[in-house]
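Worksheet: one structure, shown below.
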């Protein structure tokens, strides 16, 4: 019995000594510091790599000019565009960080979303096509293609493409310009256009654009010296106020 008791005592002492040894902490797993990781909050609404989702009100980001995307981030930060989640998320991010995000999404290829079946009469779609391609000369409204590119893919450095957007989103943005809840740096050419279009004309433009497919390799037109029909303060990337 004595040897057994001695062995038992040694086991207890060994266990006590082992218990007193400090346990090394498990290595901390750090999230990778990549733009993919940093933009997870963005893709939750705007789709993987910003390529868009079926939701009506979340536009695609992928493939749009970096200058345009940066301008919009600054506009949300400074309150010239109003959408509470965006205003909150961007409130304290430095301009350099916003520029990195804009460059990241601009470099992504847009994923062609399925076009929506026309839910407007053919005459309305045709009216929208006429405004997009020819404008409304009697109202001094230029064609959309004059600024946004002949393929409506946008123009470098800061004019966005208009394809891959739902009709309700286009109507909502034109309405926001009309009523002052979305503004750009002066001269605000889109505010002038949106205020001049009738509600029926806004609906026609939105209906037509929603039926247009994004080309598989859409890219903004290169910047050039072409004189735009209206002066636009948002034509170039903006400087942040801080």
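Yeah, the Cβs are placed from backbone N, Cα and C, and that goes for glycine too.
If you look up TrEMBL, you'll see 42, 45, 46, 86 marked as heme c 1 binding site. Cβ neighbours within 10 Å of residue 86 (heme c 1 binding site), excluding its own Cβ and spanning all shown chains: 17.
Among the features that TrEMBL reports, heme c 2 binding site is placed at 144, 147, 148, 190. Close to residue 148 (heme c 2 binding site) in the fold, though at least 6 residues off in sequence, lie 154, 155, 159, 160, 161, 162, each with a CB less than 8 Å from its CB.
Positions annotated as compositional bias 'Polar residues' by TrEMBL: 224-242. Under DSSP, residues within the compositional bias 'Polar residues' (224-242) fall into helix, strand and coil as 0 helix, 0 strand, 19 coil.
The feature domain 'Cytochrome c' is assigned by TrEMBL to 26-109 (among others).
For 123-213 (among others), the entry in TrEMBL reads domain 'Cytochrome c'.
The region 'Disordered' feature in TrEMBL is assigned to 215-242.
Residues or ranges marked as signal peptide in TrEMBL: 1-19.
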Binding residues 42, 45, 46, 86 (heme c 1) - maximum C-alpha distance in whole Å: 12
Whole-number Å value for how far residue 45 (heme c 1 binding site) lies from residue 144 (heme c 2 binding site) (Cα to Cα): 27
Other CB atoms within 10 A, centred on residue 147 (heme c 2 binding site): 21
Other residues, Cβ within 8 Å of 42, 45, 46, 86 Cβ centroid (heme c 1 site): 41, 43, 44, 50, 58, 61, 85, 89
DSSP residue counts for the domain 'Cytochrome c' (26-109), split into helix, strand and coil: 46 helix, 1 strand, 37 coil
